[in-house]
Amino acid sequence: MTKTFIFGHKNPDTDAISSALIMADFEQQTGNTEAKAYRLGEISAETQFALDYFNVEAPELLNEDLKGQDVILVDHNEFQQSADTISNATIKHVIDHHRISNFETAGPLYYRAEPVGCSATILYKMYKERGFEIKPEIAGLMISAIISDSLLFKSPTCTKEDVDAAQALKDIANVDLEAYGLEMLKAGASTTDKSAETLVNMDAKSFNMGDYVTRIAQVNTVDIDEVLDRKEEFEKVMLEMSANEKYDLFVLVVTDIINSDSKILVVGAEKDKVGEAFKVQLDDGMAFLSGVVSRKKQVVPQITEVLTQ
């Protein structure tokens with residue numbers, strides 16, 4: 001049987017790592033014994049907390065050339081967010097909950113994208129549809145991914161399907177959703193021990209928006225001001241990365257996971273467009289965004305709209 005590489009996006013978050021591991025288990029249950037989960041970056045503190053809690057080993061870092069290899073993408077589809085050699089691979093499946101952009105294949109494939117808050121929610125539905133066993137550690141990974149992507153069900157991306165999935169899984173995983181979720185989110189919200197470069201790259205994605213390449217990074221915290229006290233450090237890193245990677249715009253979204261608000265820091269020639277997108281005035285490159293917590297639903301579409309007019 002041909003080996004199958006399964007992975008989420010670069011700078012993986014909890015959903016990207018968890019969904020790769022979950023999909024590998026799903027494929028094993030279909031009889032694809034050569035399916036294996038990989039990762040395209042370092043494990044975050046939040047994700048490591050979940051892996052340790054449910055006693056699951058982290059996926060291996062992908063270093064292989066994917067030319068001619070069978071792959072399954074989870075939690076992403078845009079090639080600039082994927083493995084460097086993805087255009088040479090044979091994409092068999094995609095399981096995702098994001099917009100579809102910069103994606104094409106030479107042959108047909110199984111593509112499942114749903115407007116839910118988390119890729120793991122789709123995978124939960126797939127297990128139920130096939131009558132596959134959901135082991136406690138798989139249930140735990142599903143819950144962790146859902147809580148992470150939905151910020152404990154507070155994000156506007158969170159749907160009834162996400163909540164219902166987590167509720168159905170909690171007894172299998174033997175966790176209290178509120179207590180476990182808050183502990184996991186707080187594990188990932190510590191920033192004082194991390195460099196500005198680490199924070200800016202921890203959860204960052206690149207997007208093609210019309211003629212512009214935009215980089216959007218997000219940092220979750222319990223104290224926005226503590227993070228942005230290091231504004232000059234962040235600006236230096238963001239400007240250097242923009243020059244090296246040819247980003248037209250770099251947006252750092254610092255999100256308060258307790259109060260569900262964010263502040264943004266923006267660099268780039270088109271930064272005034274970001275103020276226009278959110279109908280705010282940038283003050284020294286920064287602005288407060290009340291109620292904004294979701295990059296996918298509350299940041300990317302708004303900036304895309306002003307950059308493609």
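The backbone N, Cα and C atoms fix where each Cβ goes, and this holds for glycine too.
The shown structure was predicted, so the numbers you read here are calculated from the model rather than taken from an experiment.
Among ASP52, ASP65, ASP70, ASP75, only ASP75 appears in Swiss-Prot as part of the Mn(2+) 1 site alongside HIS9, ASP13. Annotated Mn(2+) 2-binding residues in Swiss-Prot are ASP75, HIS97, ASP149, and among ASP15, ASP211, ASP223 the one listed with them is ASP15. Look at the binding-site residues ASP15, ASP149 and count other Cβ atoms within 10 Å of each Cβ; ASP149 has the fewest.
Rounded to a whole number, the distance between the Cα atoms of HIS97 (Mn(2+) 2 binding site) and HIS9 (Mn(2+) 1 binding site) is 12 Å. Here ASP75 (Mn(2+) 1 binding site) is positioned 6 angstrom away from HIS97 (Mn(2+) 2 binding site), judged by their C-alpha atoms.
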